[in-house]
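Some notes on the structure that comes next.
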Amino acid sequence: MDGAMQYVSILAVSSAESVRFWLTVGFLGQALFGSRFLLQWIVSEIKKESTVPIAFWFLSLAGGVFLLAYAIHKKDPVFIVGQAGGLIIYFRNLTLIFKKRAKGETG
């Protein structure tokens with residue numbers, strides 16, 4: 001019986017650590033994702049025009065990856081589809097930006 005109780009206590013600690021880990025993943029993703037709007041606002045204020053800096057797309061991609069991982073962990077199909085779809089858009093925007101730069105165009 002003592003062995004069984006020890007096993008249960010190990011599972012409880014592991015479970016608590018797992019919860020903390022996934023909450024950290026989720027909050028980190030949300031922080032990255034949310035910070036992109038703060039960045040865009042600051043850059044736009046500095047330039048005195050609406051601007052979407054390349055870092056916006058990198059923050060979108062990084063935040064989206066963390067949030068997708070969290071959504072998969074939570075097994076939430078609505079959240080999974082939303083984040084996966086967004087990642088395609090963020091990646092495509094970065095691809096377009098780098099193709100334009102490779103051609104020597106500014107922007």
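Residue positions begin at 1 at the first shown residue.
Just so it is clear, glycine is given a Cβ too, placed from its N, Cα and C backbone atoms.
If you look up TrEMBL, you'll see 20-39 (among others) marked as transmembrane segment.
Residues in the domain 'Lipid A biosynthesis N-terminal' (25-96) partition by DSSP class (helix H, G, I; strand E, B; coil) as 64 helix, 0 strand, 8 coil. Marked as domain 'Lipid A biosynthesis N-terminal' by TrEMBL: 25-96.
Residues or ranges marked as transmembrane segment by TrEMBL: 51-72 (among others).
The transmembrane segment annotation in TrEMBL covers 78-98 (among others). Long-range contacts of the transmembrane segment (78-98) within its own chain (CB-CB distance under 8 A, at least 6 residues past either end) are made by residues 54, 57-58, 60-61, 64-65, 67-68, 70-72, 107.
Sequence-remote contacts of a segment are chain residues at least 6 beyond its ends whose Cβ falls under 8 Å from one of its Cβ atoms, and for the transmembrane segment (51-72) they are 22, 25-26, 28-36, 39-40, 43-44, 79-80, 82-84, 86-87, 90-91, 93-94, 97.
When pLDDT is averaged over the domain 'Lipid A biosynthesis N-terminal' (25-96), the result is 97.
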